[in-house]
Amino acid sequence: MHSTASHPRATRLRTLALAVALALGSFAAQAEEFVVGSQIPLTGSLARVGNGMLEGIKVAVEVFNARNTGNTIRLEVIDDESVPAKAVAAVEKLAADKVVALSGGYGSNLIGPASEAAEKAGLTYVTSGGVSDELTRRGLKHFFRINNNAGYAKAMAGLFEEMKLSSVAIVYSTKDATEGLAKAVAADLEAHGIKVTLHAFDPAITDFKPIINKVRLQDRAEGIAMVGYENDYVGILRAAKVLKPSSVKAVVGVWSLATAQMAQEFPELMPQVYGTAMLPFPVEFKSEAGRQFATAYERLYHKEPDYLGQFGYVQSMLLFEAIDRAAKNGTLAKGGLSEELRRTDAETIIGQVTFDANGDNPHFSHRMGQHQNGKVALVWPDAEATAPKQFPGVPW
Amino acid sequence: MTELILQSLYSGLLVGGAYALIALGLALVFGTMKIINLAHGELVLLAAYVAYTAESQFGLNPLASIPFALVIVCASAVLVYLLVSRIRVNRELNSLILTFGLGIILTNAVLIVWSANIRSTSSAWLQDAVVLGPLFSMRSEVVFFVLSLALAGGLWWWLSRSWYGRAVRAVSSNRDAAKLMGIDPVRTELVSFVVAGVLASVAGVAIYSSSVIQPALGHALTIKAFIITVLAGIGSMPGVLLGAVLLGVTESLTVTLASSALQELAGMVLFLLVLFVMPNGLFGGARRRG
């Protein structure tokens, strides 16, 4: 009795399974896999930031493929070893491998020649790793980026103006992107009546005491702006902790500073230091898209996401969505991807993104974070703030 | 302005001490065996990462990690020598290629093991300010400057007074003649590499204690050490110390009197100027006359 009754149910189950299998089979037949290339520094001087961005790109692949849009993305990665000539070679190899577009690149000096190589191959190149103004002055048709110097300068200058300081010493690395940013911040501050002194330094220097001594004895500045990279910040802050310039009320840096890693690795140097930050630490996302990114990131890497991953994720998701749209409307094979990407108008986890004729994102504006009690709080602009800023305040 | 210049001279002196520590090992091997060990900077870096591991994993002060760094770096130096010693033809040139390759391997090994993140000591004691009137420095800089002087003195004594030191000099002068005098050149050269490893160990811990380390740093350290070695005059230990301090002070004064953007350029101008006036380096001429 029992056995006879189970027969019709088993038949129904088999029929259902067959139907599902057929449906999936037909769906799989329609789905197409697109290969996206990534030329990115995984070794050499930019290894840390390159690896950070790649994590975000891989999360984007994971999230996009899980959406079941009918198309999937596969990533082909080549390490450019932080060398411009190898970045060009990587792009040429990826073009030869017939990738449909490129997402990656770090450092304006690498992105410049790499994106020119992509342009020659007719490949769309999207990045968040190069903020130099020169990159978008070249008039390339296939070059896109989601962040720029203007957005960083606006945030740094905005914070200083809110503090109502009378003078700021800008200590900056002579690299292309940092020099451009330092000069943009200087122009903005001077336009608001703040006295600015500029101190350029060679990227190879490790002892910042002679520079900070000038700030202490000659400039007597109320604020120090650091425009460099992590190793520079550590050197500058250590020199400042030794020399203790008494006039200084705030120390403000730019990228890679207001991060969980810096809070954990250099707890004695970071208290009350400011830096650009898209996320507070511990990470807290208000939007559903942000939470989706954070969940996927934590699942893949077992750690909290950082800004490098966040930027890598956004640039890649916008590219993958454009590939999907272009594939569906039949323009992908006819070189229509860049045009499709240019039509982007999306609210993302770094804010609104659109692209102008030069591939730049005119909406990009950063936020400022401050190290407070081992955490990073967003303190500027007011609309994004998670805590009031601790001002005046310096690590010494 | 006086205060600025005094601080600049003091900073330059301390930086010079650190440069000397990095360069002494390279100068020893270069001076005695005519081998430019292009992996020397990576050996220094390896010692720095050993200090990082000892501090972050076991809570050891970087100074206490020197014995561990000695074991690992000296073993690596021996390995480098064993590979170099297999070169039978045109050793001076071929060793360049070999050690350059070993440097790349070491850099990537460091990257794989320790990741690309920047590292530095968290020891408050080493980072504390030492104030001598108008002069400021970190304690680590003073400690390693003194250590650098002691090691340079010790090295000078070893080369000029000890049996092995004399053997090293004999092998460097004439390998075959030294062999006839009963000196084993292989063992002597091996000892040179081990001593260079000892110097690299202390240099690495010094860098970790007063600066920031990352996997790509090794190559830059080798270049700096090579500049100082040539500036000093091949094989001159006092020359290394003087050349390193001269370079440190020049760089530091450039920051104070001109711009920090010109610091590296000033170092290179000094290098070219010295070689133009004294082609054998600061102490090379005296050696030749002797």
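Backbone N, Cα and C atoms are what each Cβ position is placed from, and that goes for glycine too.
If one looks beyond the transmembrane segment (B:12-30) by at least 6 residues along the same chain, the residues whose Cβ comes under 8 Å of a Cβ in the stretch are 36-37, 40-41, 43-44, 137, 141-142, 144-145, 147-149, 151-152, 155, 192-193, 195-200, 202-203, 206-207, 210-211, 221-222, 224-226, 228-229, 232, 234-237, 240-241, 243-253. Annotated transmembrane segment per TrEMBL: B:12-30 (among others), in sequence order.
According to TrEMBL, the transmembrane segment annotation covers B:64-84 (among others). Remote same-chain partners of the transmembrane segment (B:64-84), defined as residues 6 or more beyond its termini with a Cβ less than 8 Å from a stretch Cβ, comprise 35, 37, 39, 43, 46-47, 50-51, 53-55, 91, 95, 98-99, 102, 106, 189-190, 193-194, 196-198, 200-202, 204-205.
Here the transmembrane segment (B:96-116) has long-range neighbours at 35-43, 45-46, 49, 52-53, 76, 80, 83-84, 87, 214-216, 218-219, 222, meaning same-chain residues at least 6 beyond its ends whose C-beta is under 8 angstroms from one of its own. According to TrEMBL, the feature transmembrane segment maps to B:96-116 (among others).
Long-range Cβ contacts of the transmembrane segment (B:142-159) within its own chain (Cβ-Cβ under 8 Å, at least 6 residues beyond either end) map to 13-14, 17-18, 20-21, 24, 28, 63, 126, 130, 165-166, 168-169, 195, 199, 202, 205-206, 209-210, 237-238, 240-241. Per TrEMBL, the feature transmembrane segment maps to B:142-159 (among others).
The feature transmembrane segment is assigned by TrEMBL to B:190-210 (among others). Cβ atoms under 8 Å from those of the transmembrane segment (B:190-210) belong to residues 18, 21-22, 24-26, 28-29, 32-33, 37, 40, 43-52, 62-63, 65-66, 69-70, 73-78, 80-81, 85, 119-121, 123, 126, 138, 140-141, 143-144, 147-148, 151, 155, 158, 164, 167-168, 217, 221 of the same chain, restricted to positions at least 6 beyond its ends.
If you look up TrEMBL, you'll see B:265-286 (among others) marked as transmembrane segment. Within the chain carrying the transmembrane segment (B:265-286), a Cβ under 8 angstroms from the stretch's Cβ atoms is held by residues 227, 230-234, 236, 238-239, 242-243, 246-247, 250-251, 253-254, 258, all 6 or more beyond its ends.
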